[in-house]
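Undergrad: Below are the features listed in TrEMBL for this protein:
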- 1-26: signal peptide (SIGNAL)
- 29-122: domain 'Fibronectin type-III' (DOMAIN)
- 152-170: transmembrane segment (TRANSMEM)
- 180-197: compositional bias 'Basic and acidic residues' (COMPBIAS)
- 180-218: region 'Disordered' (REGION)
């Protein structure tokens, strides 16, 4: 009986397949870490993650599934270094589960840990169930508005103080100017006002006449 060729030997084929699988697993990139969901809205959300350093990552893959099993979506993008992705067309007030994979030169990594999130209702204004503590909140907006109002009040007060100082300076300047004008007028008065008036030399004394006597001879 002729020997079985090596390429038809089941044991040899199994060994070759096992070696290929080992090489594929060894060259796989590591799974993403720190998967978080931020910017939650009624119909969208943002997924972000980190990738361990030292491996060449050329893309990512995201598995998105509603918890009730009604819908499942798979997103894959290559030739990108993005570490975030926006999920669109989500159902409002619904529970979702996502997993992220890194795409490397020799295949995809294992899926990350499952992350659960719930979309908001249309009536909700800001995220109430987000895994990122750095999201904007109503309290932060109120504080910012209070700071802006305080700055405006300070500017108005400073302008009023400057206006009061300028008005006071103008008033004092007018008073000083009036005093100088009065002093100049007093200095320029004629000297005749200060001289002693002359006594009149004429009058009754000058008009007095010597009485005449008429003698009548008999």
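Glycine too: its Cβ is placed from the backbone N, Cα and C atoms.
Model, not experiment: these values are computed from the prediction.
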Undergrad: In the predicted model, what is the mean pLDDT computed over the domain 'Fibronectin type-III' (29-122)?
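TA: Residues in the domain 'Fibronectin type-III' (29-122) carry a mean pLDDT of 93 in this prediction.
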Undergrad: What counts of helix, strand and coil residues does DSSP assign across the domain 'Fibronectin type-III' (29-122)?
TA: 0 helix, 49 strand, 45 coil
